2 protein chains.
Amino acid sequence: MTDTTPRRSTKQREAVREALSASDEFVSAQALHQALRQDGSTVGLATVYRALAALAADGEADALQAGGEVLYRACTPTHHHHLICRSCGRTVELEAAAVEQWAGRVAAAHGFVEPEHVVDIFGLCAECAARRAADDAR
Amino acid sequence: MTDTTPRRSTKQREAVREALSASDEFVSAQALHQALRQDGSTVGLATVYRALAALAADGEADALQAGGEVLYRACTPTHHHHLICRSCGRTVELEAAAVEQWAGRVAAAHGFVEPEHVVDIFGLCAECAARRAADDAR
DNA sequence: GTGCTGTTGAGAACGATTGTCAATTTCGCC
DNA sequence: GGCGAAATTGACAATCGTTCTCAACAGCAC
């Protein structure tokens, strides 16, 4: 964790970084690999996994587990949380100073140190909610 | 999802429920299966998975993903969050009305409905922190 | 007890992720 | 610009947690 980063810049890593930035939703490593392949790239699956892990380690991407697979998303390097549509995957980055403080306070109150926290909100975005309402009515 | 619960009570399910209650940490399905086997039970791994999924669905257990596997823990049926020691696994249940409200408010502000949220704090409990400090000094 | 039906257990199947290793590419250095 | 060491890549195999399948079994109402 102490920045031992002898990272070499390669086409593949750049390609993964770009493909990730191109989406504003969380995507799986598998999906990203497929997308790259369809764009004519020849990257290997293992390389995509390695690149994503590197990006996540460098704080350039966020990772979250959902449904047995790990999803990645390019993100701002500052600490933040997510509001995610569970239907279309659209994601909003949230700042939550209040929650940060709460987490730190609660951890300290129980004698815990070095608190990290996972705070994500899943819901149905306005569009998906409307679409589902229409479907239900039909 | 609307409580179609024609659940039959069997020895195996009871055994899983008990084994889960016996621990106040999050445990993996695999670990629980091993523990049951060592107690002389003959439950199958698939049954443990099914029982745990059922308990989680009924709100009698909490599930969280960590390190590629799903961990379970018996819990109070009311909504709550967790403070978890990332070293020894000791867990404290938290109530967090403030966070609930924040989550609902933020979701609504972005037009999201039916918000669910994941809020967990990982840290090092006092004992583990002390132990690690001692190890580092050595 | 009898019968229907949900449940079980063993093992196979599955899917995501990680490891292996020879071939290739990057990058500091001359 | 060219060299060489070392990191990186890609194809494939291996691994690991979880789910599926299916015949045998057990709970519960009658």
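Using N, Cα and C of the backbone, Cβ positions are placed for all residues, glycine too.
A TrEMBL annotation is a machine prediction, not a hand-curated record.
Per TrEMBL, the features are as follows:
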type: BINDING; residues: B:His79, B:Glu100, B:His117; note: Fe cation binding site
type: BINDING; residues: B:Cys85, B:Cys88, B:Cys125, B:Cys128; note: Zn(2+) binding site
Rounded Cα separation (Å) that holds between B:Cys125 (Zn(2+) binding site) and B:Glu100 (Fe cation binding site): 25
Near-A candidates in B:His79, B:Cys85, B:His117, the binding-site residues, by Cβ under 8 Å: B:Cys85, B:His117
Sparsest-packed among the binding-site residues, when each Cβ's other Cβ atoms within 10 Å are tallied, from B:His79, B:His117: B:His79
All-chain count of other Cβ atoms within 10 Å of B:Cys128 (Zn(2+) binding site): 18
DSSP three-state assignment (helix, strand or coil) for B:Cys88 (Zn(2+) binding site): coil
Distance from B:His79 (Fe cation binding site) back to B:Cys128 (Zn(2+) binding site), taken between C-alpha atoms, in Å: 28
Cβ neighbours of B:Cys85 (Zn(2+) binding site) where a neighbour is any other Cβ within 10 Å: 21
Length of the line joining the Cα atoms of B:Cys85 (Zn(2+) binding site) and B:His79 (Fe cation binding site), in Å: 20
Chain-mates of B:His79, B:Glu100, B:His117 with C-beta within 8 Å of site centroid, Fe cation: B:His81, B:Ala96, B:Val99, B:Ala103, B:Glu116, B:Val119
B:Glu100 (Fe cation binding site) CB neighbourhood, other CB atoms within 10 A: 16
B:His117 (Fe cation binding site) and B:Cys88 (Zn(2+) binding site), distance between Cα atoms, whole Å: 25
